[in-house]
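Listed features, source TrEMBL:
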{"type": "ACT_SITE", "residues": "151", "note": "active site, proton donor/acceptor"}
{"type": "BINDING", "residues": "10, 381", "note": "Mg(2+) binding site"}
{"type": "BINDING", "residues": "17, 209, 210, 211, 212, 213, 284, 285, 286, 329, 330, 331, 332, 333", "note": "ATP binding site"}
{"type": "BINDING", "residues": "94", "note": "substrate binding site"}
{"type": "SITE", "residues": "182", "note": "site 'Transition state stabilizer'"}
{"type": "SITE", "residues": "242", "note": "site 'Transition state stabilizer'"}
């Protein structure tokens, strides 16, 4: 039997998603199996094809350190053993930051890995885990081609005015500029929208990728015009544990007055801020919605306010708005967040259908007279990784 299946790898700092795809034809790939690991949850969770697996028992069987990263590497190999290795033709990896060197998917070589290692300071929450998984799986599947697919690729078409910082140009030449992230997710949404609402797909859109990491993208005729994340995945909206946009003067103050070290500052901005920092309870929107504390409400109010405010800026960049798409964990599953954000944008003529918004089903959730269409569309980053990998290897 001919090898033709694609293994996809989407790794975070404490999470892992593996998918196995088989081509139906040159444009469509079918997902045969999917596994998702979340070591940040208590207890840790593993789901394979919709079925929960007792992860703690599996982890206890590993002779490894207790670090999340080591556990993810072991989990990747454990899951791989449950897929049919003999049918895998290539492996596609999600890489958060491609810097200025990588503007499209590329076959992974030792030289590529060396270049990616230089980008670790730009994405310390994601890049180390991605690189370690690449090395682990290249060792496990040494005869197969591996492909890197970048979250920054989708935004490379942005106008210079949207990517430039007001710093001396020498820093821009060194790569200090706005990149944008969640590109595989935005690309997935646009592919879906072209199939289900082709006319809208060519108009002025904002796609809201709202999850533990969150960003917005202004899109016109299928291309990114602007986005809320910039040089790093810290920028833009407040997130589960990340601060979002922050006055640079705060950093200077913490360094000078509080005498914070680099590692302390990095931990504060990436792990102890955002919804967790403001609420003092959790970075999980579901936990905050279930809480009756003032701090939880204030954290949610800040998230909604900042999301709507950033949308206002992107609407200006687009010169108007025809469609708004919510995606990712919060965007797809929190009708309360969607309703609150849209209520702040009522001046645009958005008119939600309350029943459709609360149905937890994908599709258009506005009524006919709404001047802006609002949609809920599931994202499929692994599907995009599979598509890019298949294209590079077979086409």
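Backbone N, Cα and C atoms are what each Cβ position is placed from, and that goes for glycine too.
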Q) Got a sec? Which of these binding-site residues, 284, 381, has the most Cβ atoms within 10 Å? A) 381
Q.
Using the alpha carbons only, what distance in Å do you get between residue 284 (ATP binding site) and residue 242 (site 'Transition state stabilizer') once rounded?
A. 12
Q | Cβ-Cβ distance under 8 Å to residue 330 (ATP binding site), same chain, at least six residues away | A | 210, 211, 214, 285, 337
Q) Out of the recorded positions listed (94, 182, 212, 242, 286, 332), which are within 10 Å of residue 381 (Mg(2+) binding site), Cα to Cα? A) 94, 182
Q: Anything within 10 Å of residue 212 (ATP binding site)? Look among the recorded positions 10, 94, 151, 182, comparing CA atoms, and list what you find.
A: none
**Q.** Nearest-integer angstrom distance between the alpha carbons (Cα) of residue 286 (ATP binding site) and residue 242 (site 'Transition state stabilizer')
**A.** 17
Q: List, in sequence order, those recorded positions among 151, 242, 332 whose Cα sits within 10 Å of the Cα of the residue listed as 'substrate binding site'.
A: 151
